[in-house]
């Protein structure tokens, strides 16, 4: 049943049914009464004095005026200014005929009679008056002194003025026990934003002015209470709205009436003494009204007396909701300020405000206290406080109040057109206020025209007197369910704030958008229990909430009794969580633990219960209920305490017309993805919607940057490849063909395998240390003249069989390093070149790669037996192993040569220390350039041969 809506979280403001009306004085002078033993002024008869600032032609309701009144012997000078923003341009008035047909009229653009102002030379003062039928209103001098002024009945020009505390009603209360401050802090957790939100509202967005387009309704009993006078009834409702607008200005919120309706021939919905049934009946009627008259919030003023002390009822956090943005208020006072305080309180609940704790309100109880106090002040509260401001900010940050950013169009503002009033109206190009206060460089204040060259003067889509280009972002997407808005290029104002339609999936399909918010069980559990909490299994909800008692229920019914949850609605009752914390975050809340058996193991289900007074138990629903808009199953959402199919949102039907390329906004129009054009997202375009403006074209900057980077990388790779090819070609030339300074600088591209199993002809050729790393041998370079022919091997190189076997490593090393004359390399002074004039540059650091490929076949046919098999040669005693038997004294000469057209792979044929054929041998010496120079050593008795096999190889 709708009356038990768990997520609505209703708060009731309880006051007295009827205050004591101050007794009017029939004679001029003072009327005193006794209160607490001391005489005090009850009321005073005065005649206010008007002084206008207009031209000599006197207006009935001037734009600005000065009013002088006497109060307790003190003259108060009131500086008044007409509240020109009270009525929206679409303001209408509706009444009904005896047959029940509505009659709607648009009020003429006449001077209205509702003012705001201050007391001259008095800080923090405030004045709210109407001058339609005499002067009636509230004069606030300080936080503890205020006066009420009203016309004396049946008198011309005479008025009563008295202190506001003499309107004191019997005290009432609502909701929480406001003496416990922590209760409020816990309730605030419900309006905090989840940590996963992509983006929070900017501070300037929170501080910017918000606008509530209000629709007021007076029921049939209220009409009868005002003596069936339509004008009197309408005047009272407008006066109420004027008060509420003044109250909310301190929160940067303006109240603009878009419509007023009087039920002159019976009620249009069920109105009874039960506030619950009256509220849900009125909200149901209001949903039908939305199709005919757009508004943000609707309030019912009824002459019905509710049960007990209840005089107001409204859902919590419901502002802008299609289904719940509204409230019902009982007219419990003949003075409009009493009903205005009640309506401001109930609208505060719509804004997400809970009741004040004891330390929030600084206004004295004697002057009424604060509007959101749980108990009434004396006589009526008139101010909000810092706690209310913080609650409002949290609500806006969580996604609430999405409809409040758009300012009502003031081009046909009710109350008349005038250059200098600060509102752009028909016939005006701009309006920056009076000449002395205008500081807009784009606007001529004297005649409300744009200065030469200016295209605009106001609005977020106007920059330096020029309209911003179409597609310029003027309002960012604040959170998941919000939508961005873009300048149209035709208007200086940003389009109305739109958001995704209720029922649109969010949070990766784990939740649904509702009223601009995306709520999950996980978030609510963490708000109740702190970080780490998570929702309990579904079985916990089913076992606990079917009880229908204080600890497990689906809200309350029309009579205020706890309602059992049907199995399908169990996840919309008391929320069940799992947490390791000992108790909930709120000090007045206690854990309600239930243990169930699931799959053979125990599961702990943790709910919460907040202790409240007996009078509060029936006035406010449990805040531990699952919030409206929470996903309770596939295509199902919690709504009014029930798990309902999302089809009633009509999201699916609206989404089909977007052709899968967009989402529906709250105006049921498609907001297209980039690349598709509105209104149906079925043709190429830039995205956006007909409501939010066109999205900017996709920027080609990233594409161009990507192409340029790719071209640059490709060019670098090609340059590196070209350099390597050139190095390979230069490295394969003879050293004799290169300048001496460049011979060894191009040897880096040669590859040397570090693997003994490479498949070379001589697998014993290794350039590795025992640790598997190449060992660099540094020996002086052996130089020869460029004209000197390459050495030849001895003529008998190929005779006599194989060369002698190589020596063991330690003997070979000893023989090479022996200082004896037989091991020295002969050099002559004539063969030496002069030392270089400058040191030889170091070899470049080149990467030496491995080559595991098979060697190339020889380019020339090899002889039949180029290397005969080895045979042991006799060694006479004392003969050097490097000399053949019978040789004379050793007179060897070193010869270094690089075979023509030799490849790096062929250079590996020779191993350092290998004995040469017919007594010759190849050996390795170090050079200064870290190269291995394979040197052919010839014996003196042998003739050099034309061919050789010793090569210059890389280190």
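Positions of Cβ are set from backbone N, Cα and C atoms, glycine also.
Look at Swiss-Prot and you will find 320-403 (among others) tagged as disulfide bond, backed by similarity to another entry. Residues near residue 320 (disulfide bond) in space but far in sequence (CB under 8 A, at least 6 apart, same chain), listed by position: 296, 297, 400, 401, 402, 403, 404, 515, 516.
Sequence annotations record features per position, and here Swiss-Prot assigns disulfide bond to 360-387 (among others). Cβ neighbours within 10 Å of residue 360 (disulfide bond), excluding its own Cβ and spanning all shown chains: 20. DSSP assigns residue 360 (disulfide bond) to coil in the three-state reduction, placing it in neither a helix nor a strand.
Neighbour list (residue 361 (disulfide bond), Cβ cut-off 8 Å, at least 6 residues apart, same chain): 369, 370, 373, 385, 387. Swiss-Prot lists 361-370 (among others) with the feature disulfide bond, giving similarity to another entry as the kind of evidence.
In the three-state DSSP scheme, residue 494 (disulfide bond) is classed as coil. The disulfide bond annotation in Swiss-Prot covers 474-494 (among others).
In the three-state DSSP assignment, the secondary structure recorded for residue 654 (disulfide bond) is helix. Around residue 654 (disulfide bond), the same-chain residues six or more apart in sequence whose CB sits under 8 Å from its CB are 501, 664, 668, listed in sequence order. Marked as disulfide bond by Swiss-Prot: 654-664 (among others).
Counted within 10 Å of its Cβ, the other Cβ atoms near residue 670 (disulfide bond) come to 26, all protein chains included. In the three-state DSSP classification, residue 670 (disulfide bond) falls within a strand. Per Swiss-Prot, disulfide bond is recorded for 658-670 (among others).
In sequence order, 658, 661, 662, 678, 681, 685, 687, 688, 689, 695 constitute the residues six or more apart from residue 672 (disulfide bond) in its chain with CB-CB distances below 8 Å. Sequence annotations record features per position, and here Swiss-Prot assigns disulfide bond to 672-681 (among others).
In the three-state DSSP scheme, residue 144 (N-linked glycosylation site) falls into the coil class. Of all the Cβ atoms in the protein chains shown, 13 others lie within 10 Å of the Cβ of residue 144 (N-linked glycosylation site). Summarising the annotation, Swiss-Prot assigns N-linked glycosylation site to 144 (among others).
Residue 444 (N-linked glycosylation site) has a Cβ environment of 19 other Cβ atoms inside 10 Å. Under the heading N-linked glycosylation site, Swiss-Prot lists 444 (among others), citing sequence analysis as support.
According to Swiss-Prot, the N-linked glycosylation site annotation covers 447 (among others). Following the DSSP three-state reduction, the secondary structure of residue 447 (N-linked glycosylation site) is coil.
Classification of residue 645 (N-linked glycosylation site) by DSSP places it within a strand. Per Swiss-Prot, the feature N-linked glycosylation site maps to 645 (among others).
According to Swiss-Prot, the feature signal peptide maps to 1-25.
The topological domain 'Cytoplasmic' annotation in Swiss-Prot covers 721-955 and is backed by sequence analysis.
Here Swiss-Prot flags 700-720 as transmembrane segment.
Each residue contributes its Cα atom, and for residue 447 (N-linked glycosylation site) and residue 474 (disulfide bond) these two points are 29 Å apart. Put simply, residue 444 (N-linked glycosylation site) is 46 Å from residue 360 (disulfide bond) when counted between their Cα atoms.
Closest in space to residue 474 (disulfide bond), of the recorded positions given as 144, 444, 645, 670, is 670, taking the CA atom of each residue. With respect to their backbone Cα atoms, residue 144 (N-linked glycosylation site) and residue 670 (disulfide bond) stand 53 Å from each other. Each of the disulfide-bonded residues 403, 681 was scored by the other Cβ atoms within 10 Å of its Cβ; the lowest score goes to 681. In the three-state DSSP assignment, the secondary structure recorded for residue 403 (disulfide bond) is coil. The separation of residue 444 (N-linked glycosylation site) from residue 494 (disulfide bond), Cα to Cα, is 23 Å. Within its own chain, residue 645 (N-linked glycosylation site) has 635, 636 as residues 6 or more apart in sequence whose C-beta sits under 8 angstroms from its own.
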